[in-house]
Structures are given as C-alpha cells and as structure tokens.
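First the structure, in the form of structure tokens, and then the observations on it.
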Amino acid sequence: MGNASGAGIGAGWTQRQADLMIAAIACAWGSSYLMMQVGLSSIPPFGMVALRFGIAFVAVAIIFRKRLRELTASVVARGAVLGFLLCVFFGLLMYGLKTTPASTAGFLTSAKVIFVPLIVAVATHRAPSRATLAGIGICVAGLALLTLSGPVSLGGGAGLCLAGSAVYALQIVATDTFSHSDDALLLGICQLGFAAVFGAAFNLAFEGPVLPQSPAEWGAVLGLALVCSAFGFAMQPVAQSRTTATHAGLLFSLESVSSAVLSFVFLGEVMAPQCYLGCALILAAVLLSSLADGKADAAEGAADAHAFSASTHGGLARGLATARVHAKRAQG
C-alpha cells in the first residue's frame, strides 16, 4: 500500500492547505472555457481528450520520472479506472455541447455537487450532514443563477451533459477512495496517461485523427494540457487525500466562478446582476461546508475510503467498523 499523498508532495498538508489546492485546481479548470474560445471546435471530442491528456502525461512523467519507478499494479489498475472515467466524462460533455446551449451544459455539468454526496451515501450507508445538505442546496441555487439563461431541457445533448456530470462525480468519489490507500501523485499521473490512451482508442474507432490547424489552436491545446490537465488532474488525488469527496465536490464548484471571472477579465463578457449573486452563493456554500465540517472532514474522509473500499469487496459492515476506529483516532 503506497503513501496516500506521495512522498514530499502533500504529505504534511492540513485540510485547509488541501482545500486551497482544490480551489486552485478548480480555478485552473475554469480557465479551460476561456481557452476553448479560440476555435477548437474543429477537433473531435475524443481527439481532444487524447491530445490534451497525452501532452499532460508526457510533461508530468518527465518531471516525476524518478517517482514512476515506484509504480505498483494497484496504482496502475486504479489509474486506469480514473483515466477511463475522465475520458468518458469529457467525451459526453463535448458531444453534449454540440446540441446544447453552453449555459445549460454548464449548469448540468455542475450537478456533480449533487451526485457526489448521493454516491457516497449509497456506498457508505451514511446520509450527509444537515450542514452539508444546506451547503449543497445553496451551491445549486448559486450555480443556477450563475450559469442558466433560460429553462433547462433534458432533450438532445443535455442528457449527455447530465450523464457526464454523473460520471464526473463517480470519478471524484473514486479518486477519494483510491487516494487514501495508494500513492496519490502516481494515481494522478496514471490517470492522465490512461485518459489519453482511451481517448486515442475512441478517436480512432469513431472519429478519425485531426490535429490543430493554427498556432492559436496549438496554444490553446497546450494551455489545456499543461494548466488544466497536467496541474489539475495530477494534483487532484493528492489534494483529495486530505478531505472528503463531498467537501471536494463543493470546492470544485468554484470552477464556474473562475470561468465567469476569467471571461469577464480577458474576454470582456459582462455578467448579469444575478450572476454576481450566484457567485456569492457558491462562495457562501463553500465557506459553510468548510466551517461546519472543520477537522472532522479529514477523519470522515478516511472513514469513507475504508467503507467504500470494503463495500467493493463484500465487507461493508467490517469496513465501516474499522473506518470508525480510524476516524475516532484521527479526531482524538
């Protein structure tokens, strides 16, 4: 069993430091919408997945090449699961965007904040706290104000976006589970590589390879690869190893706030009055979750990971009992 956070990276982080890293990751992901404005629609969805994650994997693998010697079969297998989920999520989202207004797609994708606690509750047989439910409700209201410009219809590509959101939530929960028992940094590196492999396979099978056609497009691809993918998805497991999946899901909702702010600063897009209220509600939800959970989040995160892992091997009751012991020790 590897070090959950990776030697020298995140090993001594407090939950607050992990929260700040998740917020930084969410801001990096928010910049992806800005980069997509340069006209990357000519590249098919799975081709884009293969490109951005392939470049990201090469960059991170070079930086941490010595750490790759510590790879285990468990890390590789679990990295493959995470990479597959990432590939499917981005494929569903980008195909959904072809026939769905961006505002609707953005809101439906943000529904991961609802799916994450539902998946955790089913897996652990433990309902979210009242404070968590309140935070989720406030966050959903904020996301609606920030992203929606009209009524939501689940026809056509909207259904794909909602399905992608559910897959994204599953990826967050799986990352939470795996990062508490395996080397989190190596998990992040592996998921980049496997996302690229699966993206390339789906691209060759269903689309056909297409490369960027201009320097601007190549610049956008490199930005997506290095900022959003190499940094964001390599560090995601490291940061999540110090908190719970539900709390991380709320923090990742800052992606929508980041996207709105960056679009205003760099593209001159003016936000409607309700968008400012939406941003405020999302920030309030994140703050409420952080204040309500406090130090207990780290202990409950370990409990969720033990229980979820045990449930996949048919030992849920035993896993919960063991997890509670770990949680009490961590809190005590």
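Every residue gets a Cβ built from N, Cα and C, even glycine.
Just so you know, TrEMBL annotations are computer predictions that nobody has curated.
In TrEMBL, the transmembrane segment annotation falls on 131-148 of the listed ranges 131-148, 167-184.
Fewer than three CB pairs closer than 8 A are found between the transmembrane segment (274-292) and the transmembrane segment (103-124), and contact between the two stretches is not assigned (pairs 6 or more residues apart).
As a quick check, the transmembrane segment (185-206) and the transmembrane segment (76-97) clear the bar of 3 or more Cβ pairs under 8 A, pairs 6 or more apart, so the two touch.
Sequence-distant residue pairs (6 or more apart) of the transmembrane segment (46-64) and the transmembrane segment (103-124) include fewer than 3 whose Cβ atoms are under 8 Å, leaving the two stretches without contact. Residue counts for the domain 'EamA' (157-290) by DSSP state, with H, G and I taken as helix and E and B as strand, are 112 helix, 0 strand, 22 coil.
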